[in-house]
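All remarks here apply to the structure that follows.
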């Protein structure tokens, strides 16, 4: 039977398949992992101020307790360190053992550690924070595995016409995860505030934090396990991707059978052709070979550098979001609220930003990625992020004035919008398309880990910069002049991201084998 592109029939069938139910099922199954990832990574910023009040308020203090800088950095950043390790480990494992086997492991780890982080116990504040950090590291490790596996599974299941939109849709579930974490925090804090009335810190410092508030952060953190647990059954029922089975495991028969079941069409197994491919020398090079450097070295540099630079900006912006809101008066001064009200106000601000800019940005990418392409969206996103960061940072004092606060929120929201209708989505999509099947999950894991290294620089770097050089004056939060200087630095980082985008090839409309320059025809 003559096969288009002289490609394997099973791969051709996937490339040319019409959009159907199994595509959407795959988006939901893979997307729920991302929903949980975002929920778990971002929900911590909603409760850090509460943790400070609960565990670090001293009786003689004139203002509510806050987490010491080192503790604050560990609680928010330790999951990112775990994520980086998980991306490298599970990315490599996904190419060795197969996408599906590893996919179940990451989910179990996420669910168990999500619940365990809410059960963090200890007799002292240090004990509670240590157990919380321990479980959040392993939670991050599981989340890390979800990045390369979700992207690779979706790219290998999708057809070539709408592949970008499908991978971006999986990633877009992150937006809903951030939104959901805000909503859960709003409902929980509103319920507790109604049930346990307490005065503000100014009125009565000792009674402003009710003992029951200790349940709030635990409920918020544990809730993240629910959506992931619900999809476990379907994750296990999903067949291994045909590209892994045929091109890496070299099992033509099983690949054809699996895809016959999924696509409901008859597919030849073509064992002879698989045999021919496996003998082809040009498809044997490993990750640490000159051939890889020659073919894909620049591409890997492009995907790693753009993701690294983007995440410095994206995560540091998200993590010091509440300090920015406090600086412009969008969240009232801490002493004017009780502990539960503070959680409510922070969650309200984050939910509004997610609803108005974060979520729409992701779905703009889904709508346009297969029309205008990955390269154009990434370049445009970095450009506008640079513009808006400078527009906020240079006249920063102007934005802190009462009359201009709404303008500030609009500008700040637009930087998030163009991060998501831009490099935050495309850096996830492209590495799942441009590398060969046997190295795809590994290379995506390396690119994603470079991104998390950027996130760690963003999370820890700015916190370190906020500290006074005088050891007696430890600062909590971020002073105004630091926020201004940070935003100028982030603007420059985004401009550098625009330059690195030129190292990344366009993969729109190509099959995965064309995009990754794999010779599947059996000809060298």
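Note that the numbers count up from 1, one per residue, in the order the chain is shown.
Heads up, the Cβ atoms here are built off N, Cα and C, so glycines get one too.
TrEMBL does not curate its annotations; it predicts them automatically.
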Where TrEMBL places transmembrane segment among the ranges 195-214, 215-234, 235-254: 215-234
Contact between the transmembrane segment (67-90) and the transmembrane segment (442-466) (at least 3 Cβ pairs under 8 Å, separation 6+): yes
Proximity of the transmembrane segment (352-372) to the transmembrane segment (165-187), 3+ C-beta pairs under 8 angstroms: yes
Non-local residues, at least 6 beyond the ends, that sit with Cβ under 8 Å of the transmembrane segment (486-504): 298-299, 301-303, 305-306, 309-310, 312-313, 316-317, 320, 374-375, 378-379, 382-383, 385-386, 389-390, 392-394, 396, 423, 430, 434, 462, 465, 478
Seg_contact(the transmembrane segment (409-430), the transmembrane segment (165-187)) with at least 3 CB pairs under 8 angstroms, min sep 6: yes
Any contact, the transmembrane segment (165-187) to the transmembrane segment (215-234), with at least 3 Cβ pairs under 8 A: yes
